[in-house]
Amino acid sequence: MPSAIPTITHGPTTNGSGVIKFTNCLLVQKNDLIQGDLWISSISGKILNGQEILYEQRTAPDEIIDLGGRILSPGLIDVQLNGAYGFDFSVIPEEGTNAYSKGVNRVNRGLVTTGVTSYLPTLTSQRPEVYQQALPFLGPSGSPRNPAHGSESLGAHCEGPFLSPTKNGIHNIDVLQTPYNGLPTLQSCYGSLTPIKMITLAPELPSALSTIPSLASQDIVVSIGHSEASYEEAKASVKAGATMITHLFNAMRPLHHRNPGIFGLLGSTSHSIAQKPYFGIIADGIHLHPTSIKIAWHAHPEGLILVTDAMRLAGMPDGIYDWTNGSRIVKNGALLTLEENGKIAGSSIELVECVTNFLNWTGASVSEALKAVTATPAKMLGCEDVKGCLREGADADLVVLDLQDGLGESRREKKLVVDQVWKFGQKVFEKK
Ligand SMILES: [Zn+2]
């Protein structure tokens, strides 16, 4: 992630119909890259039906953009991002919420230049007053449909504080809670549930299971994580309505052949649960061994979602930094650890780098790898008709990617590079 935030370059102004045609591109469709054209409107910010525009409406595009055989992908979606560019969603600055709001806007404008056009700003476990001050600024932010705002929040992800004290990872154990009274406990902690799109909780905590159906009925994704859940407990939570697993493998019991734990859900049959849950994977080369990722992908390819779990030190120089609640974090390259106990403390990787790692480690096709940051997270969030796809009527949030091939000693490595980013039908970033 660049340390300086590039300024957003506005797309070409179109004086006529506002119709733009991308040509000579490889479109990400299902599990393949398909040669074709894509039509969008810079006015509505939507993807258009090219056939209809050309033959029925007889409208010529205002602008034709030749991508020279590069990849045109839906904009990337990161469902777990704790902060970036020196800003942490979980910290209210001393200057107050005005400064907090400015920080969020800064992250949005920076993040979009990395190809991430929408995301879930993620809060680690905090005291109730932090949620109550922060959440009003983290709710869905796309309704003005203004490309200059940068990346769009699809709602907040509250990772905690209803987590297992023995699987807290870097979360401060003193602020963890038990949802004794179910939903009312959650409401009094977060203040309002309206800005929230996803909650990570440990389903084995007292009363946690009974809150899952009420959250699911309010379109809040319940994700299992930071949990001691056995396979049976995990399965019960999926039956109750949990549909996601937060950073699979990390902060949960490892796979045991006699008790497969949360990971075991990926091996469940349709007889025991209606649908296997989606699962987040941090493909940064630190949190997980590449082979673990491969196993999870082979077990449930349709469920794999790449996340960065990146935090505010992304893009900052190596050193020791103050963390929340008096702790300190050591940054050594991409590796971030808690000074007091050496525990992994999040990552500083960009989402497109996770896609590149995934490509090289699993042998997935480019389309399959991109699906893990586009169509699959969109489905998990229930917005697959407007985000994460190139279908007519979806938002024209797009990334132009250059696939560099034959890299590394083996000359078999690949790398995806973000060349352009489009948000709501307008170009907001171009690589120099
Ligand atoms: Zn976590």
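Glycine is treated like the rest: Cβ placed from N, Cα and C.
TrEMBL annotations: computationally assigned, not manually curated.
Annotated features in TrEMBL:
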type	residues	note
DOMAIN	71-405	domain 'Amidohydrolase-related'
BINDING	GLU159, HIS226, HIS247	Zn(2+) binding site
BINDING	ILE170, ASN250, ALA251, ARG258, HIS287, ILE344, ALA345, GLY346	substrate binding site
ACT_SITE	ASP309	active site, proton donor/acceptor
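Structural mapping of features recorded in TrEMBL.
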residue: ILE170; record: substrate binding site; contacts (Cβ under 8 Å, 6+ apart): THR124, TRP323, SER327, LEU338, LYS343, ILE344, ALA345, GLY346
residue: HIS226; record: Zn(2+) binding site; contacts (Cβ under 8 Å, 6+ apart): GLU159, GLY160, LEU163, SER164, LYS167, ASN168, GLY169, HIS171, THR200, ALA202, THR246, ALA251, MET252
residue: HIS247; record: Zn(2+) binding site; contacts (Cβ under 8 Å, 6+ apart): GLN80, GLY225, GLY280, ILE281, ILE282, HIS287, VAL307, ASP309
residue: ASN250; record: substrate binding site; contacts (Cβ under 8 Å, 6+ apart): GLY169, ILE282, HIS287, LEU288, ILE344
residue: ARG258; record: substrate binding site; contacts (Cβ under 8 Å, 6+ apart): none
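Cβ neighbours within 10 Å of ALA251 (substrate binding site), excluding its own Cβ and spanning all shown chains: 26.
Over all protein chains present, the Cβ of GLU159 (Zn(2+) binding site) has 29 other Cβ atoms lying within 10 Å. Across the domain 'Amidohydrolase-related' (71-405), the model assigns an average pLDDT of 94.
Compute the center of the Cβ atoms of GLU159, HIS226, HIS247, which mark the site for Zn(2+); besides them, the chain residues with Cβ within 8 Å of that center are GLN80, GLY160, LEU163, GLY169, HIS171, THR200, SER223, GLY225, THR246, ASN250, ALA251. In the three-state DSSP assignment, the secondary structure recorded for ASP309 (active site, proton donor/acceptor) is coil. In this structure, ALA345 is the one among the binding-site residues ALA345, GLY346 with the smallest number of other Cβ atoms inside 10 Å of its Cβ. Classification of GLU159 (Zn(2+) binding site) by DSSP places it within a strand.
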